[in-house]
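> So that we are looking at the same thing, I have put the structure below in structure tokens.
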Amino acid sequence: MAGRYGFAQFFSRDKVKTFKPKKKFEQGTLKFNLHKQANASLSSGIDLKEVVRLPPQEDLNDWIAVHVVDFFNRINLLYGTICEYCTEETCTTMSGGPRYEYQWCDTDSVKYKKPTALPAPKYISLLMDWVESQINDENIFPVKVGVPFPKNYLQVVKKLLTRLYRVFVHVYIHHFDTLVALGAEAHVNTCYKHFYYFVVEYSLVDKKELEPLKDMTARICH
């Protein structure tokens, strides 16, 4: 399915709680190849604070949509690198240290209409499935050129990115040593900086949600 943004690879958890390829969002034939423009920044050494700014003549909603898909893919892969170390026994809650705990809520589901405490792997599995369903909903992310974004588009995007940020929180606070041991620290830091600069540039994640990683952010996001 080629479309407005096209499709890059989605990853989701299988029955043994590991990540495997499921779908892929590949960048299609948009008027502007926004994905390549954004993706190149991660390996080019370009100032990410400048890169996240809206290019001239680009549509802001399209620019945001491409980044939402890209961040989803990257964070999904990031968690996939450490998921075998994040189990229901080691991570009994979806947390970011003792001060921050996240409960899952999905008003469209039968089981999670109210906030529910879950082990981190279960929370993240539900989160990834939920984000995928939102991105696949053409009423929220229209794929045909000329079809407008819905009025609640930014509201949905803010919720998506806020929840995805919580994966960074959990991974950095509870699995940082594993990232270092795997040699993934530098790459994850770059992905985090890209995400952070983007959501701050467009005010897409509330400041209070960014609090758990405030000290680290001050060190790596100058």
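Glycine is no exception: its Cβ is also placed from the backbone N, Cα and C atoms.
Straight out of TrEMBL:
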- Cys86, Cys91, His170, His175: Zn(2+) binding site (BINDING)
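How buried are these features, and what lies next to them?
Cβ environment of Cys91 (Zn(2+) binding site): Pro119, Ala120, Pro121, His170, His174 lie under 8 Å away, each six or more residues apart in the same chain.
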> Identify, in sequence order, the residues in the chain of Cys86 (Zn(2+) binding site) that are 6 or more apart from it along the sequence and have a CB within less than 8 Å of its CB; answer 'none' if there are none.
Tyr79, Ala120, Pro121, Ile124, His170, Val171, His174, His175
